[in-house]
C-alpha cells in the first residue's frame, strides 16, 4: 500500500486525495455492536459524571482547598477530555453501518489525544512533586506550593501537552494520503494513520516514536524516583501518620500504573498491529478516566467525607423543598 518513490506519490495524488477515513471499529458483528453500545454508554457516562463530581467537591468543600486537590481536580478535567475526544463518536458508530471520519476530524482526534495524554503525564509528575513536598518537606510545603505555583504547574502541563501534540500534527497533516484509508481502530490512532501515507514512512515512524517515547520515559523516571523517595520517607516515619500517607500514595501510584502500563506495551511494539491494541485503546480512553475517580474516592478519606457531605446537602435541600 505504501509507495516510496516521489514519482509514484505524484501519480497517486493526481488520481485521488483521501478526504475521509473509514474506521473499522471494535467489531463487525451487529449483535455485538448493540451490546457494546450499551456497555460503553454506561462506562462513558460514569467516567464523565465521576470526574465532574470530583471537580465539584474540590471546588465546593473548603477542606479540599489544598494544592493536592487542586491538581486532582485538574486531572479529573483532563480525564473528562480524554474520555470525550473519541468515545462519543465510537458509541454513535456502533449504530451506524458506515463508520467514517473526515480528514480534518481525523487530524483533530490525533491532536487532542496527544494534548490530553501529554498533559496528563506531566500533571502526574506535578502531583508526585506535591506529595514529595508534603511528606519530605512538610515545614516548607505551603510556602512552596502556593496558588501561583499550582497554577504554573497546571499551565506547564498543558503547554507541554500542546507542544508535544503540535509536533506530531506537523509531521502528519501534510503527508500524501492518496489511496488506502481504512484505520483498524475506533479512532484515528497516529501510527495506523501514518502507515496509510503513500510514501516510505520509516523515518517518520522513528520521529513519532522518539517524540512520544522521550516524554513518556522522562515522566515515568521522574515518577519512579519521586515515589521511591516518598515511600522510603514514609516508612521511616512514626506509625501514626504512616497509614494515611500510604493510603493517599497507593491511590496516586495505582493511577500512575494504570496510565503508564498500556503505554509501555504500545512503545515496545509501536508500529506492529496486535488484536490487544484495540483493548489498550479502549482502556486508555474509557476505562482509565472511569477508574481514576473510583480509586481516589475509595482510597481517600477526605474525598469520601466530602462526597457524604454533598449527598447530605442534596438530600436536605430535597426535604426542604
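Glycine is treated like the rest: Cβ placed from N, Cα and C.
Residues annotated as transmembrane segment in TrEMBL: 34-57 (among others).
Residues annotated as domain 'G-protein coupled receptors family 1 profile' in TrEMBL: 50-296.
Positions annotated as transmembrane segment by TrEMBL: 69-91 (among others).
TrEMBL lists 111-129 (among others) with the feature transmembrane segment.
According to TrEMBL, the transmembrane segment annotation covers 149-171 (among others).
Annotation comment: TrEMBL describes 214-234 (among others) as transmembrane segment. Among residues of the same chain six or more beyond the transmembrane segment (214-234), those with a C-beta under 8 A of the stretch's C-beta atoms are 118, 121-122, 124-125, 128-129, 131-132, 135-136, 160, 164, 242, 245-246, 249, 252-253, 256, 260, 263, 267.
Feature annotation from TrEMBL assigns transmembrane segment to 246-268 (among others). If you look at the transmembrane segment (246-268), the same-chain residues 6 or more away from its ends with a CB under 8 A from one of its CBs are 68, 75, 120-121, 124, 127-128, 131, 209, 212-213, 216, 220, 223, 227, 230-231, 234, 276-277, 280, 283-284, 288, 291-292, 295-296, 298-301.
Within the chain carrying the transmembrane segment (280-298), a Cβ under 8 angstroms from the stretch's Cβ atoms is held by residues 26, 40, 43-44, 46-48, 50-51, 53-54, 72, 75-76, 79-80, 82-83, 85-87, 113, 117, 185-187, 189, 251, 254-255, 258-259, 262, 265-266, 304, 307, all 6 or more beyond its ends. The feature transmembrane segment is assigned by TrEMBL to 280-298 (among others).
It is 69-91 that, among the stretches 69-91, 111-129, 149-171, forms the most Cβ pairs under 8 Å with the transmembrane segment (34-57).
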